[in-house]
Amino acid sequence: MKPNFSKGLIPAIVIEEGTKEVLMLAYMNEDAYEKTLETKRTWFYSRSRQSLWNKGETSGNVQYVQSLYLDCDQDSIVVNVKQVGPACHTGEKTCFHYQII
């Protein structure tokens, strides 16, 4: 089974192995997905830079892929990772650290 990339990008929800805490949301195109499978590290597509990026390539805060899950429509993916260091570029463990309610 493979994601449906007919719209170009799919959301990739990254969760932490063990706790299942949501770490971040990014987007994958087919190339990022294939590189993620090949390297077992997360690759995403930057909408602002219009290019692929490897999480932790410059910061050292890498994500080692443990498993991948497709949703029922095959147009979004959950990436289960072993996180090294914080996931958020702000230095927070997760990008979802602002509580609203």
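Including glycine, each Cβ sits where the backbone N, Cα and C put it.
Feature annotations, courtesy of Swiss-Prot:
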type	residues	note
BINDING	Asp71, Asp73, Asp75	Mg(2+) binding site
BINDING	Cys72, Cys88, Cys95	Zn(2+) binding site
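Known features from Swiss-Prot, placed on the structure.
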| residue | record | Cβ contacts under 8 Å, 6 or more apart |
| --- | --- | --- |
| Asp71 | Mg(2+) binding site | Ile77, Val78 |
| Cys72 | Zn(2+) binding site | none |
| Asp73 | Mg(2+) binding site | Asn4 |
| Asp75 | Mg(2+) binding site | Pro3, Asn4, Lys7, Ile10 |
| Cys88 | Zn(2+) binding site | Leu23, Met24, Thr94, Cys95, His97 |
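All protein chains included, Cys95 (Zn(2+) binding site) registers 17 other Cβ atoms within 10 Å of its own Cβ. Each residue in Pro3, Asn4, Ile10, Leu70, Cys72, Gln74, Ser76 lies on the same chain as Asp71, Asp73, Asp75 and has a C-beta within 8 Å of the C-beta centroid of that Mg(2+) site, without being one of the site residues.
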